[in-house]
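Below is one structure, written out as structure tokens; comments come after it.
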């Protein structure tokens, strides 16, 4: 729950001029100081407001087990899923990985549709990609993907339970990942050498959450209209007053 500290002096309500000063926040937390100092009056007159923790709903207390120390922690857990510390560790990593997959998925759904529409490439839309002929059947590809993903997820779970235990490549012994924080392996997985700062983590988790919502929106949009997001955008732009969600849901 946000903490608001107020220090005021009756002198600020006097007939003196007002001077304001704003201090910006950082590291995902808002720290704002607002000082009103009367011109020619005592320098002790001040008014300070400080918010130290974000809330997903203003005025609603955050659960005690969500302290605001995690990236993207705004106290949102209405079902109490993260009350168990072991569950919280897993959910943190699960959200991080699902957010990364969602960002890749949304880009993989949207960009080919855009590039095909403007004539740069010619590939099937994402919702028709499963009907294409590949080097193996869809069921075979699914089994292969399941086995590979299963192996990766087991390794990831081992790293969550015992950080750093899977940094060594089990096949190519000459390769290993540097020691680091769980979920941010670095090395070959960080070719641009981005530092895992709190600000970067906040941005990644926020973009990952947006991507998960966008992915769900693309699926629902296609089930309703039979088209992808870019085609729907072009249709809306062609007649903004009539090609809207209202007309679509109304069946017009």
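Note that Cβ sites are derived from N, Cα and C of the backbone, with glycine treated the same way.
Pulled from Swiss-Prot:
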- 56: chlorophyll b 1 binding site (BINDING)
- 76, 95, 209: chlorophyll a 1 binding site (BINDING)
- 100, 143: chlorophyll b 2 binding site (BINDING)
- 101-121: transmembrane segment (TRANSMEM)
- 134-154: transmembrane segment (TRANSMEM)
- 137, 153: chlorophyll b 3 binding site (BINDING)
- 156: chlorophyll b 4 binding site (BINDING)
- 203, 221: chlorophyll a 5 binding site (BINDING)
- 204: chlorophyll a 3 binding site (BINDING)
- 207: chlorophyll a 4 binding site (BINDING)
- 236: chlorophyll a 6 binding site (BINDING)
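Residues of the same chain that lie 6+ residues outside the transmembrane segment (134-154) never bring a C-beta to less than 8 angstroms of a C-beta in it. For the transmembrane segment (101-121), same-chain residues at least 6 beyond its ends with a Cβ under 8 Å from one of its own Cβ atoms are 207-208, 211-212, 214-215, 218, 228-231, 234. Residues 76, 95, 209 make up the record's chlorophyll a 1 site, and a Cβ search at 8 Å around their centroid adds 72, 205 from the same chain. Contacts of the residue listed as 'chlorophyll a 6 binding site' defined by a Cβ separation under 8 A and a same-chain sequence distance of 6+ are given as 243, 244, in order along the sequence. The residue listed as 'chlorophyll b 1 binding site' has its Cα within 10 Å of the Cα of these binding-site residues: 76, taken from 76, 95, 137, 209. Between the CA atoms of residue 95 (chlorophyll a 1 binding site) and residue 143 (chlorophyll b 2 binding site) there is a gap of 24 Å, rounded to the nearest whole number. Secondary structure from DSSP puts residue 207 (chlorophyll a 4 binding site) in a helix.
Among the binding-site residues 100, 143, 153, 221, the ones whose Cα is located within 10 Å of the Cα of residue 209 (chlorophyll a 1 binding site) are 100.
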